[in-house]
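Structure first, then comments.
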Amino acid sequence: MTAKQIVLQELPSDLDKSRLPEHVAVIMDGNGRWAKQRGLPRIMGHQRGVDALKDLLRCCRDWGIPALTAYAFSTENWGRPLEEVEFLMTLFERVLRRELREMMEENVKIRFIGDLSALPSSLREEIERSQQETAKNTGIQFTVATNYGGRQEILQACRAIARHVQEGTVSPEAIDESLFEQHLYTEGIPHPDLLIRTSGELRISNFLLWQMAYAEIYVTRTLWPDFDRVQFHQALKEYQDRDRRFGKV
Ligand code: FPP
């Protein structure tokens, strides 16, 4: 930790505790570029990205933000070189195995969202174990989007509801936002108030399409492995300076 980060162990005094986001979502972009800039293989960027994510999770806990969601692997990421995909799958598994005890100690509740059926079975087992063991934890809700796509999530919800209609347990008139949300992977988790994307790209890339309807978007040019508490503080300051109207005046 840098000296500046140590100072930031508590909520900075220029932030209003009563107006913090309840849920922060992050698109962790720029790992590959971070590595390239240093003449390292891309996978080193992902490796360092894990450290940045760990510290952000701790920071949310330290500063009183109850939910964090990270986009770890999109449905489109399968198109990357095979070695990189394999490295990422192994990395997820290794990190989960390594961090489970600490997550228990820190009262973290983890949930994976996405089509998990396509993941390697050893990773699926680790996911299942971490979700089960942390299920009763009452601290920060940590959601990891893996083989996740927002359109795919919406379609699977539509299919599930269509089945209920076909079986006669739901009438088409009863389909409202609340019923729809019960069929999303994020059921029970509040919508993100703030989306942070690193590396300067101005896109949401199929992430939480339904849930992001009123999220404030903050984009920084910082590459993900360099995203730290100083940057997060900056994002929260800008968030608190915004006027959230939710479509009203
Ligand atoms: C995007 O950067 C990053 C990813 C696709 C992977 C992110 C995953 C982690 C940081 C690991 C998280 C681990 C757990 C267990 C949740 P990029 O490769 O697209 O970077 P580039 O745009 O510079 O090429």
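Using N, Cα and C of the backbone, Cβ positions are placed for all residues, glycine too.
Here TrEMBL flags Asp29, Glu216 as Mg(2+) binding site. The active site annotation in TrEMBL covers Asp29. Residues or ranges marked as substrate binding site by TrEMBL: 30-34, Arg42, His46, 74-76, Trp78, Arg80, Arg197, 203-205. Annotated active site, proton acceptor per TrEMBL: Asn77, in sequence order.
Listed in sequence order, the binding-site residues among Asp29, Gly30, Gly32, His46, Glu216 whose CB lies under 6 angstroms from an atom of ligand 1 come out as Asp29, Gly30, Gly32, His46. Using a 10 Å Cα-Cα cut-off around Arg197 (substrate binding site), the recorded positions Asp29, Asn77, Glu216 reduce to Asp29. Of the listed binding-site residues, namely Trp34, Trp78, the sparsest CB environment within 10 A is found at Trp78. Looking at His46 (substrate binding site) and Glu216 (Mg(2+) binding site), their Cα atoms lie 26 Å from each other. Counting only same-chain residues at least 6 apart in sequence, those with a Cβ under 8 Å from the Cβ of Gly30 (substrate binding site) are Gly45, Thr198, Ser199, Gly200, Thr222, Leu223, Trp224, Pro225.
Under a cutoff of 8 A between CB atoms, and with a sequence separation of 6+ in the same chain, the neighbours of Asn77 (active site, proton acceptor) are Val85, Leu88.
Taking CA atoms as the reference points, Asp29 (Mg(2+) binding site) and Ile204 (substrate binding site) are 11 Å apart.
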